[in-house]
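Encoded as structure tokens, the structure appears first; notes follow it.
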Amino acid sequence: MQWRSVLLGLLLLRLGLQALLALLPALAPGLCLRRRFPFPFPPPPGAAGSSHWGSLLWRDGDGGGAAAGGDEYERRYSGAFPPQLRARLRDAARGMFVFSYDSYMQYAFPRDELDPLHCRGRGPDFRDPSNLNINDVLGNYSLTLIDALDTLAVMGNSSEFQKAVKLVIDTVSFDKDSTVQVFEATIRVLGSLLSAHIIITDTKQPFGDMTIKDYDNELLHMAHDLAVRLLPAFENTKTGIPYPRVNLKKGVPPDSNNETCTAGAGSLLVEFGILSRLLGDSTFEWVARRAVKALWSLRSNNTGLLGNVVNIQTGHWVGKQSGLGAGSDSFYEYLLKSYILFGEKEDLEMFNDAYRNIQNHLRRGREACNEGEGDPPLYVNVNMFTGQLMNTWIDSLQAFFPGLQVLIGDVEDAICLHAFYYAIWKRYGALPERYNWQLQAPDVPFYPLRPELVESTYLLYQATKNPFYLHVGMDILQSLEKYTKAKCGYATLHHVVEKTKEDRMESFFLSETCKYLYLLFDEENPVHKSGNKYMFTTEGHIVSVDERFRNSLWQDILPGEEDGTEKIKPNELKAVNFSSNCNRVPDERRYLLPLKSNYMRQIDRMVGLI
């Protein structure tokens, strides 16, 4: 009966261990206590025992240790990524673009967009001028063709690039009775024309032969024509902040709205600055820079934050929400990218101040991404004057921010924020337009094929070379194929839970989403191997970073530069008040998870994945 004695001993041992585990929280409160939504809303930052955004609290000095099942994440994401798989995914990303582009050309051109469910074209809604969702973007100028130009070049398709450029030159006119949003026309159309012009005239031709026979700067002239038609938006405003919309033929409509968003008015400097420096005409950079400085002067004296909607005549903040998503996102992006491109010291100083205030007032969670206690970092929406939480949702546009953090070297913080958005993607196979982190559910459930998560994934891979981000890209590509592919293109998801589709394929799917996916998997692309330095605009258009954009002849007449603004060399870039820098991602972590598995599991729980 010896086996009975052994069995009894094992049973007593198990009971003893269970009793010990039950006592552990009382004996050692620092060991892995988990609380789910301990507060209905997050307590103020710094409150004793606070869980900053109301979710799961880890209490481990080393970040929780290796929890049971931790190897699951390492098995899935760690180790080398097979080159054959990478090549197949590169080809799949190219195929996604080609299918969409060819379908647009077959069924929709010369209209602005393709309806991928019914295989037909879409233009402005002239019957309903109040349909801003359509009319802000579609100007009756073959938008998708223009927006896709530099993607053709990046993918090395010289014959189609040359054909598309000639089509644009021969068929597109901006002399149209179309009222468009200044911001959308600038980033999608003006930016793409300038990018394609730079590619055509590049003497090195890194993407292959993209030259156009007898090219006489036509795209640059078209960009100039469009920008001149946008200039009336900057006139007759008491603050210098432009009107949000302009009619391409008639100027600012008489019933124009005096309210505009911070991102829309303050994200014009890259495109307008490039145009000015290519033409040798300061006008465009001057008005765009004046708008940025006007917005900057309106920031809160208490927090240093900006709101998201302002009255262009009074300077009064109509929308007092300060966040990193819709209405604010690209304002911060272009402070940094304007510095990178033009080297103006004041742009970097504004960005550093903005980034410091964002860290002080918008950031919640533990101080470090990959160590310590508490919730993972998250950036929330707050009141610009008080810094108090305004709501418990974030939007998908904010997924661009990890990519911006990569550009300033705050890679560790970028890793955590990216992991949060990736967890939401894993749950739904897409990013809902708004996600409520308190309710663990979408507030606005549609997904219009946005690129921001792919963009940050690509930039994080370039910064870390960690194969984890190739796995993320593979997940995103597979989800797009599974849930958004339509009869003749890729369609907006009307509802990320139900996976119902809308009959719309926005042009940024071709200019950004497909491009970033392709570049993620194309290690040998000239973007990475040519020796040239490139920057992407907020619409994903590629621009070479070179000396000609750092030289201007009009420093004495730009607003606020009467004292002669100093230029900074690229290696003097320094962002302030971030918790870490790219030197904290050592080589030995290249094939490990960028975020420890216990922290990944923590984030997955927070979005309801497990």
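For all residues, glycine too, the Cβ spot is worked out from N, Cα and C.
What TrEMBL records for GLU184 (among others) is active site, proton donor. The local packing around GLU184 (active site, proton donor), expressed as other Cβ atoms within 10 Å of its Cβ over all shown chains, amounts to 21.
What TrEMBL lists as active site is ASP329 (among others). Other Cβ atoms within 10 Å of the Cβ of ASP329 (active site) number 25 in total over all chains.
If you look up TrEMBL, you'll see GLU433 (among others) marked as active site, proton donor.
Sequence annotations record features per position, and here TrEMBL assigns active site to GLU452 (among others).
According to TrEMBL, the feature Ca(2+) binding site maps to THR538. All protein chains included, THR538 (Ca(2+) binding site) registers 25 other Cβ atoms within 10 Å of its own Cβ.
What TrEMBL lists as signal peptide is 1-22.
Take the CB of GLU452 (active site) and look out to 10 A: across all protein chains shown you find 25 other CB atoms. Long-range Cβ contacts of GLU433 (active site, proton donor) within its own chain (separation 6+, distance under 8 Å): ASP395, SER396, PRO442, VAL444, PRO445, PHE446, TYR447, PRO448. Cα-Cα distance from ASP329 (active site) to GLU452 (active site): 11 Å (rounded to the nearest whole number). Residue pair THR538 (Ca(2+) binding site) / GLU184 (active site, proton donor) shows a Cα separation of 11 Å.
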